[in-house]
Amino acid sequence: MTAVVEAFGKPHVNVGTIGHVDHGKTTLTAAITKHYGNFVAYDQIDKAPEERKRGITIATAHVEYQTEKRHYAHVDCPGHADYVKNMIVGAAQMDAAILVVSGVDGPMPQTREHILLAKQVGVGYIVVYINKADVADADMIDLVEMEVRELLSKYGFPGDEVPVVVGSALKALEDDSSEYGKKSIDKLMEKLDEYVAVPPRPVDLPFLLPIEDVFSISGRGTVVTGRIEKGEIKTGEEIEIIGLKATQKTICTGVEMFKKLLDKGSAGLNVGILLRGTKREEVERGQVLAKPGTITPHRKFKAEVYILKKEEGGRHTPFFANYQPQFYLRTTDVTGSIKLLDGKEMVMPGDNVSVEVELQVPIAMDKGLRFAIREGGRTVGSGVVSEILE
């Protein structure tokens, strides 16, 4: 979400490589950085630093590179399980994904799973790189392209218009000057620049602030504090208080930061917002302040979840239908029950599954909202809302 033009002098986009194991994701990442970034050798990418996000360890490699038009931050994961976790936990929110498919083997099970996950977690664009073209048969490459386009369409991406680049990441890494070598990387970068739109900066989106704390200031009224997630708020604007109970309308009568009054607050800032005529007991942590009509409270939704393994600090045993953990959404824990789908009877630690969740109280939410699943105060899983039900 950060189109930080200021820092790099050009728009910024987050991308990542996805695709089946051994189809060449890491080799491609190395080839791109060799020609467009500070070169990172293959074995350095694979020895990724372990990142801890919400207590879940994901091995990811972060590299960056730039074209004349843009700056890209790129994430590559060594193992399939890490991809699944990374996409669900959102340790690296991808604006676009480069789908790597071997021209020798064509789409494989993880190719499908990664495309489906990309759709569920809201990756906006996919660009395809058909790899190993130097050792694949030309007819086979045409067939692979057709299959990949069909697969993308099946999972809701515009399969007919997705750019497909054919090449060899290994040849590109060896500085080969043929069509399949460095030229294929140039073409891939060109397609990323052309096809992937720079995401709107959070500031341009409708105002939203998850409430962290509520204070009563004598003579001035009620102040709520939190970090503005997106948009801007100005004194005098009408806002809604959403979630946990009936939605209320109020007016922002002041925005303050570090005891200073501001004329407006914008995305990324931690602020206090003074609410007109709202009593201290009418607002609580876990609700959100938002621009009227932009977000609604819901109790039932479908989600894509990852359940931590025992070694990651998760449960030691499986759970069954109607399991009732806490769901930590934005700033608060809410109890809910999990319904298993597709005839599944239980979920093992380490599994990635689609589930239906029903919360005991409604929470302001949109598709794409990420949450942690907790039990007795510790995180046992992580998820992302894939569809609102009611």
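Numbers run from 1 along the shown chain.
The backbone N, Cα and C atoms fix where each Cβ goes, and this holds for glycine too.
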Correct range for region 'G2' (source Swiss-Prot, candidates 55-59, 360-364, 370-374): 55-59
Candidate ranges 19-26, 107-114, 275-282 [criterion: Swiss-Prot lists as region 'G1']: 19-26
Where Swiss-Prot places region 'G3' among the ranges 76-79, 224-227, 336-339, 348-351: 76-79
Per Swiss-Prot, the range holding region 'G4', considering 47-50, 131-134, 179-182, 191-194: 131-134
Cβ packing number for Thr26 (Mg(2+) binding site), 10 Å threshold: 22
For His80 (GTP binding site), the number of other Cβ atoms found within 10 Å of its own Cβ: 16
Neighbour tally for Cys77 (GTP binding site), based on other Cβ positions within 10 Å of its Cβ: 26
Pairwise CA distance, His80 (GTP binding site) versus Thr26 (Mg(2+) binding site), rounded so that it is a whole Å: 12
